[in-house]
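Taken straight from Swiss-Prot:
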- Arg12, Ile13, Asp34, Arg79, Asn315: NAD(+) binding site (BINDING)
- Ser150, Cys151, Thr152, Thr181, Thr210, Gly211, Arg233: D-glyceraldehyde 3-phosphate binding site (BINDING)
- Cys151: active site, nucleophile (ACT_SITE)
- His178: site 'Activates thiol group during catalysis' (SITE)
Amino acid sequence: MVVKVGINGFGRIGRIVFRNAVEHPEVEIVAVNDPFIETHYAAYMLKYDSTHGRFKGDVKFSDNGLDVDGKHVRFYQERDPANIPWAETGADYVIESTGVFTTTEKASAHLKGGAKKVIISAPSADAPMFVMGVNNETYKSDIKVLSNASCTTNCLAPLAKVVNDNFGLVEGLMTTVHSYTATQKTVDGPSSKDWRGGRAAAQNIIPSSTGAAKAVGKVIPSLNGKLTGMSMRVPTSNVSVVDLTCRTDKSVTYDQIKEAMKKASANELKGIMSYSEDALVSSDLNGDTHSCIFDATAGIALNDHFIKLVAWYDNEWGYSRRVIDLIAYIAGVDAGK
């Protein structure tokens with residue numbers, strides 16, 4: 001079964017989701033909406049990418065859309081999501097990737113245009129969040145608007161799940177060492193709510209807030225209130241790393257932690273988590289499709305209850321692949337499979 005999908009917002013995640021969809025046999029992008037981009041520019045932005053290289057297929061444009069590998073993709077320029085005629089393209093599922101319509105009420109506007117489900121590619125204040133490999137099996141077909149959480153939550157949640165399932169996670173603090181993103185500044189500029197966030201991204205290590213750790217409690221209820229964290233924005237363009245320092249209920253050695261991660265990555269979290277004992281650096285993970293790459297040689301243990309775990313993630317490519325995987329999964333549930 002091929003699921004027909006629309007994308008609202010052809011920014012960083014919208015374009016990387018599109019590229020991932022081309023590689024996914026169960027998902028076909030049939031429409032894109034972005035009021036700020038014309039079709040010829042959309043084709044250029046899809047074809048060339050400074051981080052992920054040239055698009056491997058064929059991209060052309062016409063007045064009303066893109067032709068990608070011989071398949072036509074309708075292109076709209078509506079500002080109001082309610083006015084996007086998703087139904088005329090057959091797009092049953094819509095990816096909301098503008099970063100603007102992240103609440104259930106705002107994202108529900110897509111339903112007026114004929115979409116059956118809306119997947120928000122960002123954390124949401126009120127829409128149910130799903131992380132593949134962690135809580136996707138709790139999805140029910142009556143949910144119309146859902147969130148794929150954040151890239152950091154998608155890395156941290158599988159990591160925390162393995163610790164909690166095997167050894168009990170009492171409490172933990174997370175730091176994500178995160179590549180800069182489009183919301184940051186190329187040179188110092190005004191940022192009234194976050195003064196540090198207004199400093200030049202490529203010149204500074206910038207402490208920042210993140211709700212990614214607390215969000216784990218929403219996808220793993222037993223960990224609610226047990227995790228919190230912060231972010232350090234660093235001068236790299238892509239790939240980030242989670243540092244989880246936590247206390248376990250059961251006595252455990254670091255070798256036992258490694259074995260649990262290795263086992264999970266080969267079984268229930270296969271495709272979501274991977275395990276590595278190589279001497280990795282961030283650029284080695286550019287384009288990696290996993291949500292969480294456990295770095296077995298980077299972690300340490302203070303004692304048999306207090307450990308530090310390190311896991312990499314491509315915050316663009318890996319996250320975008322999960323958006324597509326989530327759509328394929330919920331479409332299967334909706335179809336009764």
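Each residue, glycine too, has its Cβ placed from N, Cα and C.
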Fewest other C-beta atoms within 10 angstroms, as judged across Arg12, His178, Arg233, which are the recorded positions: Arg12
Candidates Cys151, His178, Thr210, Gly211 (recorded positions) - the one closest to Ile13 (NAD(+) binding site) by CA: Cys151
Least surrounded among the binding-site residues, given as Ile13, Cys151, when other CB atoms within 10 Å are counted: Ile13
Neighbouring binding-site residues, C-alpha within 10 angstroms of His178 (site 'Activates thiol group during catalysis') - of Ser150, Gly211, Asn315: Asn315
Thr181 (D-glyceraldehyde 3-phosphate binding site) to Arg12 (NAD(+) binding site) - Cα separation in whole Å: 9
Local backbone state of Asn315 (NAD(+) binding site), from DSSP in three classes: coil
Residues satisfying Cβ distance under 8 Å from Gly211 (D-glyceraldehyde 3-phosphate binding site), sequence separation of at least 6: Pro123, Ser150
